[in-house]
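The structure's right below; bear with me while I get my questions together.
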Amino acid sequence: MADFEVLAGIHQGLFLVLLIVMLAPTLMANQLVFRPTKRAFISNARITLCFSWSALFVFAGHLVMTWVMFESFGWLSIKDTLLGFLPFMFVPLLCCLLSTFPRLWELAGKGGKESRQSQVDTDYTRILLQEKNVRPVKANSPDLDDTLDAEWRGDASCPELLVPLQASVLGCLIALFLQVFFPAVTLEPSILFLAWGVLLAGVSLLWIQQSWQHQYHSTAENWVRPRRMFRFIRFAAFLLMTAFLAMIWGNQAMIASRLPDHSPLGDQNQDDHALPDFVFPVKASAHSMPPSGKPRSVDVSAKLKQGNPDRAFSLNVQKKTIHQASGKTVEAWTLNGQYPGPELRMKQGELVEITLLNKDITEGIDIHWHGMQTPASNDRIAKGEKSVFRFRAEQTGTYWYHSHQQIPEQVVNGLLGALVIEAAEATTTGVPIRDIAMIHHKDEKAGATLNGSDTRKMETVTPGTTVRLRFINAENAPVTYLLEGTPFQVVAIDGTEVNEPNLIANQALQPGAGGRYDIQFTMPNRPVLFAPAANQHDKGLLLRPDGSKDAVPFLNTELSVFDPARYGSPTALPFDLSSHFDREYQLLIDGQYGFYDGKFERLSTVNGDLLPDTRMMLEEGDLIKLTFVNRSFQDQSLYLHGHHMLILSRDGKKVTGSPWWTDTLQIAPGQTYEVAFRANNPGVSMEESLPKDETAFGIAIPLVYEEHLQKENSNP
């Protein structure tokens, strides 16, 4: 949603604006008692009252923005703001309205009452003095009329006037702190109670301190203004005490954030899931969870360990200098000397054996079959060692494989490749078919590449040929590509066929990180260009008919983006929004600052909590419903390991096209998705998101089957 970043930015920025606006009347009200004259006192009281009203108007604007956010993005987008943050400002401001404002109004109006009484007293005094032949004193002399007395100082220093203003500043500080560090505070009642405790304790101390000040200012016979050095020492002591308390909190938070040597999710430590540097694990829901056990990855069944494989591959991982077509050189990590690795193509039902040899990667490697419902692997392959993987190719479709160690570093360096599972028996139509797998990859040095090429690739295709482009986005962010020169169909998404795909044109394709689109078209008697939309006219894939010398199609970068929720034809669903779900989770994705493994970072969190403290518990056969709400300012590409989820709705609107099955879901800022899946792959899986850059952590949600956890606990 294009407007979310703007509205949410204004909405969150108003917390800081209100804090600044509240500081002005608070500081001015604290200085009223030190005004040298009544005239200056009255003038400052009026200015203070104006600034106080300004703060109320800013708060009213904040409430209006909260309502706009609610109307635009729903209740979950403003739940924590309305129930968690705003009360810390609303309650003190209400006290200001009931206590501070009437007193300021009275002080600001003292001038008229005093002047009228002063005029009467002055006229009477002038008559008496004239009778005694004494020269009168001027009516505006500060020694007589304008000097503050104890009554005025008492009115200016009373707690009922000052403490509500001071409490408002403290409430704004607490609300701003919670917004930055605990955006899902309503799911953390202990933090919320602690914050209210801090506010109540702070107000109590302010009231006691101001009561002492009031007694001194209103009763002291020889009242003098405190020396500047004394006030400086008092203010410095307050800052030092605040800094000391903040340092204690920060130190405790840093210690608590450090990861254990072994993950409580079992032998899959953070390196084994490639999460230490780039993926920030998070809590899955507010539901209570059983104590953590020691689940490990599911063993390959005995049946897969026996017999000769139908298809075998060998992958040798080694570092190698790659010379690009553009002339650039890349120090890459290659598979069989290729960058990216070789395409693995197999048939449905085949027993596949893949031998992975790590020749010289010191950090160790692993392999993950992205999108396939295979058992999880935690075989970290050290330098010089090899491992054998076996699985049955039960699915069909377009997938990819990549190293599962230190994502995205090893993937960026080249440890990835396309994986295609064809139907066991190909459908014969008599029309020639050209099947091309294209993997988009991005390296810091080489830039964006398509099948490892940083320049435009060209191929010849006979007109009338059915072309199937299997497009894989291996970048850790959404990427936009255009197909120009012919209408096309999106026949599959993330390995699942689309029901009755219709012919479309002039639509951009934008799969999320790790997503796959299968595009099909009939080759026309003219060139067809498939290329990135980011003004990279020298890249992509150009298909030319035999002997064609036609001009390259023009790339229109202003096209609308293909929408899977409104594409294809509906068909029967195994479950929908009206189904009974065994478990339901609301997952609020936020951006916040905090400590992770002892370092202060910008984090992406779900429901405000972090792995390894929590996880999502499942039972085999459960029907699970998840509601994702992206309240952060960046796209989130969520990948569900070992399962496929059915998209039920987006932003409250049902999916109306073909059933949208996916393992990778792109969630834009402000978007809400309802999805569901059947828990049919026992073990330990992850739902994760990779960040766009190394300055932010992505999210990951462990999916743990309870029966698997019980089994592991009984066999430590």
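Cβ atoms are placed via backbone N, Cα and C, with glycine included.
Found this in TrEMBL, in case it helps:
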DOMAIN    317-424  domain 'Plastocyanin-like'
DOMAIN    431-527  domain 'Plastocyanin-like'
DOMAIN    615-685  domain 'Plastocyanin-like'
TRANSMEM  6-28  transmembrane segment
TRANSMEM  49-70  transmembrane segment
TRANSMEM  82-101  transmembrane segment
TRANSMEM  161-185  transmembrane segment
TRANSMEM  191-208  transmembrane segment
TRANSMEM  229-250  transmembrane segment
Could you count the residues of the domain 'Plastocyanin-like' (431-527) that DSSP puts in helix, in strand and in coil?
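Taking the domain 'Plastocyanin-like' (431-527) as a whole: 0 helix, 51 strand, 46 coil.
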Using a Cβ-Cβ cut-off of under 8 Å, list the residues of the same chain that are 6+ residues beyond the ends of the transmembrane segment (6-28) and lie near it.
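Those are 44, 47-49, 51-52, 54-55, 58-59, 61-62, 65-66, 68-69, 72-73, 77, 81, 85, 89, 162, 165-166, 168-169, 172-173, 175-176, 179, 631, 633, 669-670, in sequence order.
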By Cβ distance under 8 Å, which residues at least 6 away from the ends of the transmembrane segment (229-250) in the same chain are close to it?
595
Should anything in the same chain at least six residues away from the transmembrane segment (49-70) have a Cβ under 8 Å from its Cβ atoms, list it; otherwise answer none.
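Apart from its flanks, the transmembrane segment (49-70) reaches 7-8, 10-11, 14-15, 17-18, 21-22, 24-25, 28, 77-78, 81-82, 86, 89-90, 93, 96-97, 100-101, 104-105, 108, 165, 168.
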Taking DSSP states H, G and I as helix and E and B as strand, how many residues of the domain 'Plastocyanin-like' (615-685) are helix, strand and coil?
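Breakdown, helix to coil: 0 helix, 39 strand, 32 coil.
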Could you give the number of helix, strand and coil residues in the domain 'Plastocyanin-like' (317-424) as assigned by DSSP?
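Tallied per class, the domain 'Plastocyanin-like' (317-424) gives 5 helix, 52 strand, 51 coil.
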Cβ under 8 Å, sequence separation of at least 6 from the ends of the transmembrane segment (161-185): give me the contacting residues as numbers and ranges.
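Residues 12, 15-16, 18-19, 22-23, 25-26, 29-30, 52, 55, 80-81, 84-86, 88-89, 91-93, 95-96, 99-100, 103-104, 107, 155, 191-192, 195, 198-199, 202-203, 206-207, 210, 588, 590-594, 605, 607-609, 631.
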